[in-house]
Structures are given as structure tokens and as C-alpha cells.
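What follows is a single structure, written as C-alpha cells, with notes after it.
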Amino acid sequence: MPVIAVVDYEMGNLHSVCKGLEKAGATPNVTYSPKELEQADAIVLPGVGAFDPAVQHLRARGLEQPIKDAIASGKPFLGICLGLQILFESSAEGTQPGLGIIKGKVRRFRPEPDITIPHMGWNQLEMTQAKSILWEHLPSDPWVYFVHSYYVDPIDPLIRAATITHGTQTVTAAIAHENLMAVQFHPEKSSNIGLQILSNFVAQVREKIPA
């Protein structure tokens with residue numbers, strides 16, 4: 001089974017992500033060792049919490065460059081929730097620079113009379129990259145689970161893989177470009193749809209492993 005490094009940088013419970021990856025047919029390895037990131041077949045960067053502590057913890061553990069190197073090498077990479085946001089250059093939530101792997105900013109939802117912030121609960125994805133490997137074997141407009149007050153705004157619209165609409169605001173819910181994929185929602189909390197998305201990622205990892 002492919003070994004997937006789940007990056008541990010003290011930002012949230014990793015247990016449910018690991019359980020999801022196991023169900024999808026992978027062997028998760030929770031780690032903050034740059035060497036183990038290099039040896040793994042793929043990397044998952046999960047995370048819940050605030051932007052500034054997240055990037056501070058990553059940098060304190062010396063993980064910024066190993067993550068950038070892994071992505072540049074073509075290793076399959078999946079960011080989840082905060083693990084999507086910190087790939088960007090900056091966030092309205094904090095003052096720390098993000099990893100800057102993706103050009104663009106993290107913005108806060110504008111208040112509207114009939115919406116709650118954080119955006120919390122189930123919402124429907126609208127696919128903007130219909131052929132992305134993440135969406136294989138999914139129904140159209142699938143429901144997935146969100147908990148967030150901020151969303152990513154990439155400069156290049158072509159990397160946007162899906163959007164959601166909250167009130168009158170349509171925002172990026174997932175990005176995908178070559179081996180780099182990341183989602184704002186929680187696949188590990190999104191029932192069978194989420195498991196299929198994780199399985200699609202694991203299938204791509206398996207394809208890249210030399211026979």
C-alpha cells in the first residue's frame with residue numbers, strides 16, 4: 001500500500017484524516033520529519049485553526065522547504081482546509097507570510113444578512129475542472145462538509161478545481177494543478193463522497209509508484 005506522510009505541525013486532530021486514508025487504501029504515517037516526507041509516496045497537509053500559528057509551527061519544525069521540494073519534485077500532495085490556505089502568499093486572518101507556493105491571498109467572507117460566518121455544514125461543489133482526478137466517480141454537484149470563515153482567492157483562475165456559493169459569494173473550494181491538489185472542505189468528514197475523493201487521491205499516488 002502507498003505510504004502517505006500526514007504532516008504533524010500541531011494544528012488539529014489528525015486521527016480522522018488517517019482513518020480516511022486507511023479506508024482509501026493507504027498507509028498513513030504521521031510525521032514532522034523532513035526525511036520521512038522525502039521517503040513517502042505522497043504528502044497530506046491537514047489543519048484546522050488560525051493561519052499565523054500554522055505557518056509559524058511549520059517553519060519552527062523546518063518543514064517549509066521540504067514541503068516545497070516535495071511539490072516541486074512531482075510528489076502527489078493534498079492540502080486540507082488550513083492546509084490549503086497556508087499554500088497561499090498571505091491571509092486576511094494574520095500577518096505572517098504564507099508558503100507562497102500558490103499565488104494569491106486568503107480572504108474573509110463578507111457579512112450578509114442571511115448567512116452565518118463561519119460557513120459551517122454541508123454545501124454543494126460546483127466543478128470547474130470536471131476532469132480532475134479528485135472528482136472521478138462522483139455525482140454532479142456533490143455535497144461536502146465545511147468549517148471556515150476564510151477562503152482562498154488564487155490569481156490564476158485555471159487552478160480552481162471547484163467552487164461553492166455561500167449567500168451571494170461564490171468562492172474557491174478546491175485547487176488542482178498537476179501533482180498539487182488542495183481542498184477547503186473536510187473529505188474525512190464528508191461521508192462516502194469524501195472517501196471517494198481520498199480514494200481518487202490514493203489511486204493517483206499508486207499510479208506514480210514505480211513497479
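Every residue gets a Cβ built from N, Cα and C, even glycine.
If you check Swiss-Prot, you get these features:
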DOMAIN    3-211  domain 'Glutamine amidotransferase type-1'
ACT_SITE  Cys81  active site, nucleophile
ACT_SITE  His186  active site
ACT_SITE  Glu188  active site
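Here the features listed in Swiss-Prot are painted onto the structure.
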residue: Cys81; record: active site, nucleophile; CB count, 10 Å: 26
residue: His186; record: active site; CB count, 10 Å: 20
residue: Glu188; record: active site; CB count, 10 Å: 26
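A distance of 7 Å separates the Cα atom of the residue listed as 'active site, nucleophile' from that of His186 (active site).
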